[in-house]
Amino acid sequence: MMKTLLIASLALAFGQAHAAPIAMEDQSQLKVPPASKTPFFVPPSEKELPDNAYGKMIRDGYALFVDTKRLAPKYVGNGLNCSNCHIDQGRLAHSAPLWGAYPMYPAYRKKNDKVNTFAERLQGCFQFSMNGTPPAADSPEITALSVYAYWLASKAPIGVEPAGRGYPDVNPPAGGYDLKRGAEVFQAQCALCHGGNGEGQKVGADYVMPPLWGKDSYNWGAGMHRINTAASFIKYNMPLGKPGSLSDQQAWDVAAFVNSHERPQDPRLVDGSVEKTRVKFHANDGVNLYGQTVGGVLIGQGTGK
Amino acid sequence: MIPLNRVLMSSLLLFSLPSAHAAEGQKVFSQGGQNPAAMACMSCHGPDGLGMAAAGFPRLAGLSAGYLSKQLADFRSGSRKNPIMEPLAKALSDDEVSAVTAWLAAMPAPAAPDLHRQQMASDPTQALALYGDWSRQIPGCVQCHGPGGSGVGEHFPPLAHQPAAYLVAQLNAWRDGSRSNDPNQMMAGVAKAMSEDEVKAVAAYFANGATQGGK
């Protein structure tokens, strides 16, 4: 009974019965408080960690969050760590902090009439942002990450959206964005760290400066592939140590430039067709270049494995 | 003086740079350049290129050639001020700069401590080094300088195995403006946001192998 139901809904969701099960269908955009609302929530400090099994699990979750690629290679298909996009160990306001997220789940989404749990949200980030295979909802990894998030959210009210959640919207510039100007911003403000070809920089086997495109970056299904979401992240978090120093126009230009480069294929690829995938998943997903042609080249073909 | 010879001999054997270039680099390092004002680097930076901790002279061995030649250019242009190195850098020819920096970059240096991102800080100094303090817009030092202060690529020099006194002097130089050569003011903002005590403690932390917070 239960099984048939599940299969039926899977079939509905993916339009085909053989699609790999994907815990969270997309990383569709959050509606978050505007940047004008001053964040006031203060997560607990390391000094307040209890010295018991709970404290140990928080430490495990913390370790996974900042050193994901090295500690959970089975689940990570690129070169990233969670903390690359959730700055200051998931603590920084306007960097989609974990304390801003935890109290807001389970979340109901009208768009597809579904309820997503916090575990599913984490699985979504493994699937898309980390281009990997998500650990099971009851795995030690998801449990530890959830415990870490729960601890950071200590004393936050449940179901009340805190100021500082997510990456605040950056208004689209009146004249649109420009890839050439974006390339100039990139060379002047980003390349020293992220490399002239967005390839990042490693020490030993691990990235210190994460890649921005190519096979070790987030995939075409990730929230960051949207130009508007990347502009929000960049405006409030980059260049590292100088948040807010770019104009809205520069943030959009450079976000578009970054997201006009190839990255791993969308794992939801429909019938091997970029066009079908665009229509199904990208046409109504913010501002993005997936499946479009820029300078005569089709974007969204993926980097291969 | 016997160990000195040994070091030079063994390093000569170790390096496999294109020979003429390498020989010139080695010569500038141990004997100085054509111009007598370009004194032998070894006499201040140590026969092994690892600096002289007591005098606060920096380690040059194993730093990237790009970073080293940029510093020499900055001493020449005055965006980095130092009464000893400014005239010395001006006395080196471009060829000598390219040879000696390649030589220095290839010199062996002890590895930075093998640390990873996942440590949790146990005191405020370690916290500043690892995560920074975002309320003052200071990223963690290791986010730019690599785990344990290993250095990253051409642009981010190592902090590990630099004398504490040298690290303090550089942070203070950014604070008072006598060093203003950092790309996009990456260091000036960081150094100016730090307190005097933090400068000393973080310098000791990296000089001591990133193991304990220097008090």
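A Cβ is built for glycine as well, from the same backbone N, Cα and C atoms used for every other residue.
Features reported for this protein in TrEMBL:
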type: SIGNAL; residues: B:1-22; note: signal peptide
type: DOMAIN; residues: B:20-108; note: domain 'Cytochrome c'
type: DOMAIN; residues: B:122-210; note: domain 'Cytochrome c'
For the domain 'Cytochrome c' (B:122-210), residues assigned helix / strand / coil by DSSP: 54 helix, 7 strand, 28 coil
Rounded mean pLDDT for the residues that make up the domain 'Cytochrome c' (B:122-210): 95
The domain 'Cytochrome c' (B:20-108): DSSP-derived helix, strand, coil residue counts: 49 helix, 3 strand, 37 coil
